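For reference, the structure discussed in these notes is given below.
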Amino acid sequence: MSTTIIGFPRLGEFRELKFTTEKYFRHEISAEELLAAAKELRAKHWNIVKEKGISEIPSNDFSHYDNVLDAAFLFNVVPSSVQGLELTDLERYFALARGYQGEKGDVRALPMKKWFNTNYHYIVPKFEKETQVKLAGHKIFDEFAEAKELGLVTRPVVVGPFTLLQVSDFEDGVAPADFVDALVVAYQEVFAKLAELGAERIQLDEPSLVKDLSAEEKALFLDLYKKLLADKKGLEVLVQTYFGDVRDIYADLVQLPVDAIGLDFVEGKKTLELVKGGFPADKTLYAGIVNGKNIWRNNYEKSLAVLEQIPAENIVLTSSCSLLHVPFTTANEEFEPAILNHFAFAVEKLDEIRDLDAIRNGGGAEALAANKELFATERVGENAELRARIAGLTDADYTRLPVFAEREEIQHKTLNLPPLPTTTIGSFPQTKEVRAKRLAFRKGELSQEDYDKFLAEQIDEWIKWQEEVGFDVLVHGEFERNDMVEYFGQNLSGYLFSKNGWVQSYGMRGVKPPIIWGDVTRLNPITVKWSSYAQSRTDKPVKGMLTGPVTILNWSFPREDISIKDSTLQIALAIKDEVLDLEAAGVKIIQIDEAALREKLPLRRSDWYEDYLDWAIPAFRLVHSTVAPDTQIHTHMCYSEFTDIIPAIDNMDADVISFEASRSNLEILDELKAKNFQTEVGPGVYDIHSPRVPNEGEIDHTIEAILAKVPSKKVWINPDCGLKTRGIPETKASLVRLVEAAKAARQHLK
């Protein structure tokens with residue numbers, strides 16, 4: 001038996017890649033300096049994996065932005081609008097991810113979507129009629145050669161052709177099958193070149209195999225792989241899956257002439273059952289036994305019990321998915337040993353994989369004994385009062401009265417807003433000064449009084465600016481908040497916060513998910529102080545801004561000793577208390593963000609309701625079920641696909657929902673119309689994830705497109721997400737255009 005991992009975090013132990021890349025974006029360093037820093041980081045990471053005793057080390061799991069974008073770039077899947085720009089390869093690569101606005105042209109970024117059921121986001125490639133699939137990049141070869149210079153023969157990793165097609169968009173008139181032959185040729189060229197460089201095995205990531213597969217999709221996969229594997233160019237091929245089991249394709253997959261198959265024994269409900277039914281003796285099984293998504297220590301006895309049931313002769317122990325979904329290392333944390341011992345970040349998971357391998361081979365007695373002792377000790381007690389409150393919930397606690405249609409009429413009269421009301425999603429740019437003041441306050445270098453004065457000044461400035469520009473519903477800007485989940489978690493019992501537990505979310509953006517350690521209750525009012533203050537500074541309505549229970553759960557590292565449903569209900573009651581306090585303080589519009597609602601949606605449709613939506617949607621309703629009819633409840637969602645769960649979203653019974661739509665060309669609106677969606681909607685009219693400012697007329701055209709599909713009385717005008725990470729000049733310029741476009745559109749309604 002040997003050991004490996006599917007992939008390793010990219011940003012660095014202290015987010016070195018993020019800070020270096022952002023310097024490049026600000027033109028403070030050259031492309032050569034960026035590439036040199038990245039090379040140094042890769043060497044450091046390979047060395048860590050090697051020193052931990054992992055026998056197979058992956059390469060090309062590193063990315064300057066996103067691994068799906070890397071694959072698209074490698075195979076020349078680049079839209080003609082970007083191909084035509086006179087840019088360097090690196091500039092073109094970043095133009096796909098971030099858009100480009102300069103003397104050489106003006107192009108929007110490609111869309112961004114959630115990577116399966118994680119909080120990682122990938123850039124969505126687009127296959128056009130003009131797309132000429134061919135081997136065009138060299139990153140995968142460069143990184144293999146780099147590692148070889150360090151004495152390491154790595155296993156190169158690339159997104160497999162089936163998943164590349166499944167996660168991409170296609171221009172009208174072309175389909176995935178049109179690109180099969182060209183992709184086969186291009187991938188085989190990669191095989192040949194890697195074999196020439198001295199590679200022995202390539203990892204083709206095919207997580208799309210764990211989803212429900214139609215007969216057409218299965219046929220596409222088999223057509224691709226039969227052609228691809230007809231000539232492997234002397235390279236061994238590992239088809240690596242993760243995030244679930246491959247029940248729909250297993251029988252065909254094991255018959256293909258692949259050399260190895262990677263299966264997920266953590267999230268794959270049926271994986272063990274499938275392999276117990278038979279696994280070919282001539283293939284190697286890469287067994288994903290250590291959870292790549294959560295930060296809790298592996299229970300060695302449970303993992304060993306699973307491994308003992310696997311009939312395969314050749315097994316490589318690995319992570320259940322890439323370790324990019326967990327923080328780098330616990331070494332920089334300051335928790336008490338009694339707490340820290342329960343956590344394993346990426347580096348520690350290398351130890352776990354190595355330990356399990358050693359125990360399987362007759363060693364590791366000390367590691368096994370320590371692990372048994374850890375799991376034999378009670379970790380945390382229960383909150384009896386909270387458990388009783390949950391046990392006492394009835395159907396009435398999940399139902400808001402009167403019904404939506406009656407509330408809508410009441411709210412229109414009470415709020416008296418113009419048609420196409422304008423607002424933003426919540427946060428305004430957090431400048432260096434804002435972050436520095438927060439840090440100084442946290443360190444005790446700034447008094448509470450001085451910090452409060454600074455925050456009040458920020459709120460005053462932006463409330464005044466919103467009034468001057470002409471916004472109808474204002475926000476206070478969230479200057480007191482570091483992260484939309486961490487800020488709430490810091491005011492809830494049962495939460496722990498890492499010092500350096502950063503995880504890549506999209507591009508160079510990292511998030512630091514809090515850890516749910518025990519039962520969750522609200523310690524004190526969280527947002528009332530600043531929401532009330534902001535409302536006191538204006539006669540216009542100011543939205544109270546909360547993060548919803550499902551998003552707080554999904555953007556935290558959840559407990560594994562109770563169900564995520566039970567954890568979510570605990571959080572829902574805490575947020576419910578906050579909603580009622582905001583209402584009592586005179587806040588008439590309360591936004592409860594559920595940005596991550598879709599994130600934990602099972603990958604198989606048959607599991608959607610029973611395993612998730614049947615409790616996630618009621619948990620949201622529990623939060624707002626007892627507010628008055630004239631209190632308007634908003635929610636917001638971003639980065640996701642919703643067209644297939646629209647009835648469930650309507651069932652959240654919010655009064656208004658805003659969502660990311662600009663990058664996806666407002667496709668969701670057709671489905672809203674088809675499904676007779678009742679909730680008022682604010683489709684994002686411009687993309688905030690790119691620094692470009694919408695052109696004059698751009699937002700006008702977007703509003704026109706929205707009004708062609710949604711009745712004007714149901715439409716709100718807003719950006720597609722919060723503005724925390726954007727710069728002030730681009731933010732103000734974009735928002736002025738948004739308000740001007742909304743006012744112009746109102747004239748056409750009359």
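Every residue, even glycine, has its Cβ placed from backbone N, Cα and C.
According to Swiss-Prot, the L-methionine binding site annotation covers ILE425, GLY426, SER427, GLU478, ASP593. For ILE425, GLY426, SER427, GLU478, ASP593, the entry in Swiss-Prot reads L-homocysteine binding site. The Zn(2+) binding site feature in Swiss-Prot is assigned to HIS636, CYS638, GLU660, CYS721. The active site, proton donor annotation in Swiss-Prot covers HIS689, and the record cites sequence analysis as its basis.
Swiss-Prot feature annotations superimposed on the structure.
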{"residue": "ILE425", "record": "L-methionine binding site", "Cβ contacts under 8 Å, 6 or more apart": "VAL475, GLN591, HIS636, SER658, ASN718, PRO719, ASP720, CYS721, GLY722, LEU723"}
{"residue": "GLY426", "record": "L-methionine binding site", "Cβ contacts under 8 Å, 6 or more apart": "VAL475, GLY477, GLU478, LYS543, MET545, GLN591, ASP593, HIS636, GLY722"}
{"residue": "SER427", "record": "L-methionine binding site", "Cβ contacts under 8 Å, 6 or more apart": "VAL475, GLY477, GLU478, ARG481, MET484, GLY722, LEU723, LYS724"}
{"residue": "CYS638", "record": "Zn(2+) binding site", "Cβ contacts under 8 Å, 6 or more apart": "ALA595, PHE659, GLU660, ASP720, CYS721"}
Max pairwise CA distance, angstrom, over record-listed L-homocysteine binders ILE425, GLY426, SER427, GLU478, ASP593: 13
Other C-beta atoms that fall within 10 angstroms of the C-beta of HIS689 (active site, proton donor): 23
Remaining residues near the recorded L-homocysteine site, that is with C-beta within 8 Å of the centroid of the site residues ILE425, GLY426, SER427, GLU478, ASP593: THR424, VAL475, MET484, MET545, GLN591, HIS636, GLY722, LYS724
